[in-house]
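*Asks:* Sharing a structure here in structure tokens format.
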């Protein structure tokens, strides 16, 4: 508290004390003294701000008044008269509650805020979207908190944000009462209106009457009348930890971690687990008033470390305070935080919470809640009350997505717009309808799909949400949200859903329609006669006929033998899986040996086939399954990519072993024959491959010819959940692995068993091009010129089956022979072509130029001044006989190697094959705010261009030894290096000689003056300069360069954060799908048992329910496939970043300093990096081709419909 006698002008000193106050109590006390000294009454809310501004004539306050005046002058507020007759009660003085109160005060309403706590103690740090930063700056945040957003990552602690908003709210005449608990609403009685039931009862606010109530008190304070929807995922345990920030230089130099996710950075978490026993899903580190860490921990790890005393299936019991060892929790958090910052933070000490205890907490966010509606109106005794929700009460955020404050502020603006309409006398039903129309968009909002004109943001939703329809929901649809008096007297009867199937005349109609469709599309084929849904399909010819009927180029019916049942079914199953993503329901041998074909299995399989083959004939506006099969076929392609990647690794290991590889190949072939013979003896009702328990059709999953429960599909090494498109299979031991443990197991097996595992994952896999490889002599190399102008010598039989020309490739590969990779569709037909053929294709055309380019991530690059050539001797392929080459010989100039590194490793192919997809499942989960292929990841084309660079000061190269690659390397395990390797280098200011100027080539096209204006005050920040204790005078050009450098770094960090949020969104949605799958399978098993007569209730009517459930499961599979494609793109992007970082370190070393071992390791890194680039290019080309197919199918479908309508309308004259 400031003593007025200490200053010449006491009001100035009081104002300074108020602005600089760092606690809620101090802020309120200084504000009270300031008002008393200036003789202004805060309760005179209509005139308080104008009187305060007139009486406080202080130059430091003028800038703040200008900002507030500019905001208040917006037409939406109608000069503070829009709601001048309304009285509003806001529950909760959190950021969202205070932000709502500010808007209501600007509208002219009398606003009272209730807060149960007496102090602001939450040190947790919030991520800020760009518009929230601009919004807070416009409210004067920089005046109240000088370090606001001065770093490269935009964030602020909850406590500081509350203080900023509290001070603005007090200036605008908002009454804020702390230490007052809200206990409910008191309905009107007599002449009294709506009031609040509070504790203590004697508090004056208990007499406050209001007609608007805004709940911003969190999920626990949702008023009666609102229905809550719960989104369940797998058990998710979060841990937050705050450490004391002493603001030393050593602490300032520690890099923040904007987000590391296991979904694309498994090596970091593997090191964390192996070294200290801490098993996490993700971790974030922000630096603010405290060192703030937040992470998601695995239950098994917490139990093992003694953090959780006893295991319970119920999350509340599991995380109850009595079941948590606080000391063990502190140790767990300390070890994780210390390891993730590489032990660079000195003297880590926990900050204290409001109870004086260590500020470390564990919480459950397994279930996310959101309100089904955002508002309602209650009418009692002729008096109406408008109730709205904001903040966590409205939508509980998933913390790794960083959406809490952004969507919270958007919801606050939307609520203020609703109150504005209420104050202007709009009919209640219309107010509710418009509010719900806006609410439908809130959970979908991202920084990408909201308006970029942040300066134009206001409470009007049209300034924030592009193409919004404020009348999408009609007043008649929100009648339930208006509670009148007469409704209360009626009993609230809820209709229970009738879960029993109702008898219908067409109970078997679905089966008959399916059979009729099969007969229609197989009629006329020789030796094919479909009479039922079981035995007619035994030979496999009927399945091949179905495929040929729609895709004749895939099957040569004349080459099929009616009696070769296994071959026919294998061909059909393979084509269905690779072309349409439909996994087989049984082995080819089962179709020949089983006594009776299982009808339910065939119904499931044929239903998927019909959906896949007929989806292109369905109009886009009516189809719910458009492109579902193509999404799933993309996952089949991912499996091919992963198999080829693993095969290349095996071949490189095998090339060292030499002659024994041929022996291993022969043994493998014998094993394949044995496995095929064994499979033919298996019945269709075989048990789960893993647990050996009974496997019902509805719960059957398959991979690599194995059938199993979905819940049993886990990595053999670590037990992590595996999914289609994200596993590796070792055929020698029949085990499935995640990618992280697949290569490790391969290398260990090769060392321990003499190369016993150097073969493909699937023993029956043939060479993609149908070529045989001579083992006697190595073939001549081919010279290929790749993008980035680097040349690669490659053996002609090198397995390039999954590589395609990139969509934007300007010139074809310079091949000495015309060896071109096949199309994705031709990959699927490999078993069809029994002869050796070469497939000639044209490059995939680039997408239309009308598609908006994505913002360029990671725009800050380093220029390597003296790149060195890799000696060819380091990469010579052994001359001993081998089936395939181990490494491609590299012939690169200095410029070519620099060009290779200048290619950005970030993914600009955020799309998937579903860019134009309108599947119902995608739409459903867009509403929940999770990742959707049609929005955030809609761009499926990678624009190739070199990135601009910033010169970095020269540094001595770090010593790299052969041993270091097996130990703990920063480039391998450091999360920030993996996420954004270029930005971790320290920058220095280079003096520009007189008369010269630096080109502005590194300025991204979306830079603007607004970004630079806010950077002016932060130029001297120690965070950005490499000047230790020096006093610098910057020239104008240097200031411009530093501001732009800072802007680039900040934007690159934002891109990094967005990538983390996308990874977490994918992970969260995958976990929710997993829970939904389990529920569907449980229902499906009950129905299937009833259909098979196991429960004695074999009602044929249940078949409809069962088929609907199977269709719902198929839709989830399609969504999961889309997510896996996006996950794979992130994974490859991150892997390239890691390899690029390691390669740069070698290139910065002089050739003379490199040992032979280092040269060899450099060559291996470069080879692996090229493999990753190939895989990314292949995936891009595949997805682009799929997208073009979808566009073409939709176009042809619309043309056909137009032709039919034109033909029907023609008049024929006799």
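Backbone N, Cα and C define each Cβ position, glycine as well.
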*Asks:* So which range, 593-620, 621-648, 649-676, gets flagged region 'Disordered' in Swiss-Prot?
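*Replies:* Swiss-Prot lists region 'Disordered' for residues 649-676.
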*Asks:* 96, 115, 116, 117, 122, 123, 124, 292, 392 bind FAD in Swiss-Prot, but which of 31, 48, 182 does that record place at the same site?
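*Replies:* Swiss-Prot names 182 for this FAD site.
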*Asks:* Which numbers of helix, strand and coil residues does DSSP report for the domain 'Calponin-homology (CH)' (508-614)?
*Replies:* 68 helix, 0 strand, 39 coil
*Asks:* Kindly report the helix/strand/coil residue split of the domain 'LIM zinc-binding' (686-748) according to DSSP, in that order.
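*Replies:* Helix, strand and coil residues of the domain 'LIM zinc-binding' (686-748) number 16 helix, 16 strand, 31 coil.
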*Asks:* Given the model, what does the mean pLDDT over the domain 'Calponin-homology (CH)' (508-614) come out as?
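*Replies:* That region's mean pLDDT is 86.
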